[in-house]
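Asks: In case it helps, Swiss-Prot gives these features for our protein:
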- Lys22: active site, proton acceptor (ACT_SITE)
- Thr25: active site, nucleophile (ACT_SITE)
- Glu75: active site, proton donor (ACT_SITE)
- 8-93: domain 'ASCH' (DOMAIN)
Amino acid sequence: MSISTQITFFEFLTPLVASGQKTITIRDKSESHYVPGTRVEVFTLETQRKVCEIDILAVEPLKFDEINEFHAEQEAIELPKLKALIQEIYPNIDELYVITYQLAK
């Protein structure tokens, strides 16, 4: 397993990442290979435009049913919308990971 040095976000989320307002992302196992203490480059998913850099703070397992208001607040989206988005991106996947990060200074 190699250490990931880049991460992509939907373009509509990148202003929240770049402002430091969005501090977590929920991904499946295939996108969970980030290492706390490393810096990664943030790109838009749609256009591969570099947005900023973030420092990975933690990578922790998370079951779909455990997604709650805290995660929604950190993701800057309402809980029902967050759950719907996660199900759309990762259909029928219960084993997820929450990646906590901060904007690189």
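Cβ coordinates are placed from backbone N, Cα and C, and glycine is handled just like the others.
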Asks: Write down the Cα-Cα distance for the residue listed as 'active site, proton donor' and Thr25 (active site, nucleophile), rounded and given in Å.
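Replies: Cα-Cα, rounded: 7 Å.
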Asks: List the Cα distance (Å, whole number) between the residue listed as 'active site, proton donor' and Lys22 (active site, proton acceptor).
Replies: 5
Asks: Just how many other Cβ atoms lie inside 10 Å of the Cβ on the residue listed as 'active site, proton donor'?
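Replies: Its Cβ has 23 other Cβ atoms within 10 Å.
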Asks: Let me check the 10 A CB neighbour count of Thr25 (active site, nucleophile). How many other CB atoms are there?
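Replies: A 10 Å sphere around the Cβ of Thr25 (active site, nucleophile) contains 22 other Cβ atoms.
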Asks: By DSSP, how many residues in the domain 'ASCH' (8-93) are helix, how many strand, and how many coil?
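Replies: Each residue of the domain 'ASCH' (8-93) counted once, the result is 33 helix, 27 strand, 26 coil.
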Asks: Under a criterion of Cβ-Cβ distance under 8 Å and sequence separation of at least 6, what residues of the same chain contact the residue listed as 'active site, proton acceptor'?
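Replies: Listed in sequence order, they are Leu13, Leu16, Gln74, Glu75, Ala76.
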